[in-house]
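According to Swiss-Prot, the protein has these features:
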MOD_RES   2  phosphoserine
DOMAIN    47-82  domain 'EF-hand 1'
BINDING   60, 62, 64, 66  Ca(2+) binding site
DOMAIN    83-117  domain 'EF-hand 2'
REGION    129-150  region 'Disordered'
MOD_RES   134  phosphoserine
């Protein structure tokens, strides 16, 4: 009984194995894109695929290899551009062509490498800019007098 309980509560190791399996599956899909002639002229394709894989894994909350509505909601809120339920459904429909309610990794990479513009394509750009922006000031704010107030 105690062995059974300890296996059930071994979340860290199980989660690590789950993420490793997911990363292997996504790496297989990356290899398909690297071998595809359609993307042979894409600059820095291996680096882009690595970045896409990291972002996809970060927002795949249910670890099923798909970004669902709630994962997309979290992604948009993290970017500071919260969307309504209907807007997010429309985004998913645009990316998947209306075939699915979730965004698969293939759909995600096709969208990121594709020529058409989508809101999700901004994710990588905004997160990159957010990380590169100047650091926030530390310490107490400077003193102000009455004349400087609006």
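Numbering starts at 1 and runs along the chain as it is shown here.
Cβ coordinates are placed from backbone N, Cα and C, and glycine is handled just like the others.
Here the features listed in Swiss-Prot are placed on the structure.
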residue: 60; record: Ca(2+) binding site; Cβ contacts under 8 Å, 6 or more apart: 22, 66, 67, 71
residue: 62; record: Ca(2+) binding site; Cβ contacts under 8 Å, 6 or more apart: 68, 71
residue: 64; record: Ca(2+) binding site; Cβ contacts under 8 Å, 6 or more apart: none
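Its Cβ placed at the centre, residue 66 (Ca(2+) binding site) has 18 other Cβ atoms within 10 Å. Same-chain neighbours of the Ca(2+) site beyond 60, 62, 64, 66, judged by a C-beta within 8 angstroms of the site's C-beta center, are, in sequence order, 61, 63, 65, 67, 68, 71, 102. For the domain 'EF-hand 2' (83-117), DSSP puts the residue distribution at 21 helix, 2 strand, 12 coil.
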